[in-house]
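Engineer: Take a look at what TrEMBL says about it:
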| type | residues | note |
| --- | --- | --- |
| TRANSMEM | B:30-52 | transmembrane segment |
| DOMAIN | B:31-259 | domain 'ABC transmembrane type-2' |
| TRANSMEM | B:64-89 | transmembrane segment |
| TRANSMEM | B:110-136 | transmembrane segment |
| TRANSMEM | B:148-171 | transmembrane segment |
| TRANSMEM | B:178-198 | transmembrane segment |
| TRANSMEM | B:235-256 | transmembrane segment |
Ligand SMILES: Nc1ncnc2c1ncn2[C@@H]1O[C@H](COP(=O)(O)OP(=O)(O)OP(=O)(O)O)[C@@H](O)[C@H]1O
Ligand SMILES: [Mg+2]
């Protein structure tokens, strides 16, 4: 097995009629090493699902190349499919079958004998804590149970350790189910699997991933270990209540937090008195625009918002606030 | 860990597993199955008891029920096949088709599974219609060879209509639309000799009614069941069914590729 399990260069993809083409991916490059968890973090519409679908051979890129488990996703589609397991964003299990029937069907479809399929289903139900619900229709499962079954179904046939694509595996789950799922992902990685997961939650990426790529508007805005990413944004946020709408609009572009109703903007800062004072002087030399201010420690959400800021230039987003 | 790997299953295994899946699902969607079975039976009763007295089918038939059963059988095939479109469309809408594709299952086995399940469902409902027809006075006089030919023609039409229906499931963007697309299949039997002799229709309809694909099926099933001479009509019916099936299979292959690009 190669050391780099997922490798992509310059992936682009557009959707829509020729007259109204929308570029959904704009030169994505990725390198994911064997074993471990890689998180693709991004807001709605960033292109996470599209990236996963290209890597999982379900759609083709307009330009660029990708290799998964050492095979080209276009030329060697068959081999790639045999090396991967996909759990898509939307549940891919049959609601009117039981959990056990779903798993047995998937096992049969991956070429296991009837007897082996039954055994394999039993193993996975056990491993995902679904043994008690095995004979119930999936329709009656909770969201968390369904997601676990979905993951189990993805594991049925593919040889472990392989490459796992999990598209927003915890979206819509309550905190407890989310934690359970995190454990499942850690177990997978612990067994030597390479996991690429997508998520909208920085906390999740932080908890699970060895490396994170922040995807925004079809580009990689930043990439690195969770620590590296966190160090690239300032640790504090200065919240300003402004006096006029003009001042609000003038400064909105620099803010990482917006609340137009109360004319409040949050600007990144390192939290030192010197920098805070300088920042206030710089943005409000006449001392008329800022009514009140407060200082907060930056949350993970601020980091994410900074990296995916609406008007930010891709790639060097993280440095921009530091120059303030 | 090598025991978890397995070689890719052949087409037959994949299609069989998919058929089992579709059958299980339809067994649990009892309402839908019962509706598609009850409709033809109700229509048969309505035609026989409400309209039958007013329809003149000529002296060759003792009673209207002797005339109308083949039409109801075809109607039944239309209704029964229509559910295939909805089932295929549901698959395409959900994430399951992505998973099947990532397992290299391919579109044809998935569709073949839906069609095979549809054929099984239709055999059940056809039997039911036959049973009710016998109860209300239908007395077939077919020879053993005739029965075989009737079964053959019905099976061929059910398969062809189901596969057309599957193709429509791929064409429709939503399951609701898919249900609507198949509507016309349930109506194709009306402008034919299914319920009233073509001679009684307005002249401009004769051309269509005499040459549309349902007519040879109805004519041959009626003739075979009543042991009347049918000439080469069964062969024409089979040729139509084969043609429709070929077009449906080809079209669904193309549609599947377009939908999963
Ligand atoms: N088949 C398609 N046809 C047209 N547009 C599409 C198609 N698939 C995706 N898009 C568009 O591509 C963009 C990116 O979609 P994608 O599903 O990859 O985003 P995402 O990051 O997964 O978002 P989310 O968090 O909402 O799942 C969106 O604007 C979406 O509307
Ligand atoms: Mg998505």
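Using the three backbone atoms N, Cα and C, a Cβ is placed for every residue, glycine included.
Nobody curates TrEMBL annotations by hand; they come from automatic prediction.
Source: prediction; values computed, not measured.
Quick one: how deep are these features, and who are their neighbours?
Structural biologist: Residues 47, 51, 55-58, 68, 70-72, 74-75, 78-79, 81-82, 85-86, 88-89, 161, 164-165, 168-169, 171-172, 205-206, 208-210, 212-215, 218-219 of the same chain lie 6 or more positions beyond the ends of the transmembrane segment (B:178-198) yet place their CB under 8 Å from a CB of it.
Beyond its flanks by at least six residues, the transmembrane segment (B:235-256) meets 107-108, 111, 152-153, 156-157, 159-161, 163-164, 166-167, 170-171, 213, 216-217, 219-220 of its own chain at Cβ-Cβ distances under 8 Å.
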Engineer: Pairs of Cβ atoms less than 8 Å apart decide it: which stretch in B:30-52, B:64-89, B:148-171 has the most with the transmembrane segment (B:110-136)?
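Structural biologist: When the Cβ pairs under 8 Å are tallied, B:64-89 comes out ahead.
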